[in-house]
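Okay, so here's the structure we're looking at.
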Amino acid sequence: MPGGPTLPTLCCFLLWVFTIFHKGQGDPASHPGPHYLLPPIHEVIHSHRGATATLPCVLGTTPPSYKVRWSKVEPGELRETLILVTNGLHARGYGPLGGRARMRRGHRLDASLVIAGVRLEDEGRYRCELINGIEDESVALTLSLEGVVFPYQPSRGRYQFNYYEAKQACEEQDGRLATYSQLYQAWTEGLDWCNAGWLLEGSVRYPVLTARAPCGGRGRPGIRSYGPRDRMRDRYDAFCFTSALAGQVFFVPGRLTLSEAHAACRRRGAVVAKVGHLYAAWKFSGLDQCDGGWLADGSVRFPIITPRPRCGGLPDPGVRSFGFPRPQQAAYGTYCYAEN
């Protein structure tokens, strides 16, 4: 008909009406299918060593048939470690963590994971995965431990560890290799260290609060990075992480050799403290002692909460070190560690 809308114009009009109608009604095709897992309110769960931690995972509704699979994402290793699988009625644990893990089961939609006796190695990222064969989905949470980072090198000097030796050295001192986020947190709390050290992810870094020429130049303070290094060939120090203690650290005065220090602690039902023990006691128990004492690795150190004259000479709190004296040198007391 003359003057009427052309066919292309009419088609565009009808498409516009269709689009407006579906926007108003809520086009089912524009939304994904049903999601069974509710997003967590808090994605980071804070805890400490020895505590019981709960990682929340809750279903909004249950599919007819399903399983929930809990796993731990291992940093730097591109793999996940299976912890527990449940079908809502029965659960089975796997691996070393499975023996300390159970389902909370606070209600019929609760798939939360409970970890008893939290250990240093438990810190990290976890995945709760719903498997129903059609629309698998998952939520991720991070278990974060309150702790302290300390730099560590052996008696033979700096830059002696490859990655695996650094990892073992931290474990021998009641710790584990620190993560980048732990090192960053320690830097914000005052850690300033000029020697590069391995981190758990396989990178090598060091924290600088006061920029200076020997520590990467006079630029801005921050975390200096050497990037990922060859884990077998390259050698650096280690940055270790430890958390709250189950026992206590105490000082025994005297002028002792290292062997006499071991005997003094044994007489008191204790052992010579490790470096991680001393740092944890300084951090969490407020241990402040202006006396050098032997530690299990043969080093002599002392913890300072309140800096003062003739007590290490530094203006900030910390654990001071006399290095590694000769074991036969009878000049120091000892720090002992006893389980509660």
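Quick reminder: no glycine exception, Cβ is built from N, Cα and C everywhere.
TrEMBL annotations:
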{"type": "SIGNAL", "residues": "1-26", "note": "signal peptide"}
{"type": "DOMAIN", "residues": "34-144", "note": "domain 'Ig-like'"}
{"type": "DOMAIN", "residues": "148-242", "note": "domain 'Link'"}
{"type": "DISULFID", "residues": "Cys194-Cys215", "note": "disulfide bond"}
{"type": "DOMAIN", "residues": "245-338", "note": "domain 'Link'"}
{"type": "DISULFID", "residues": "Cys290-Cys311", "note": "disulfide bond"}
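When the alpha carbons of Cys194 (disulfide bond) and Cys290 (disulfide bond) are compared, the span between them is 24 angstrom. Residues near Cys311 (disulfide bond) in space but far in sequence (CB under 8 A, at least 6 apart, same chain), listed by position: Cys290, Ile304. Counting every protein chain shown, 19 other Cβ atoms lie within 10 Å of the Cβ of Cys215 (disulfide bond).
Neighbour density for Cys290 (disulfide bond): within 10 A of its CB lie 14 other CB atoms from the protein chains shown.
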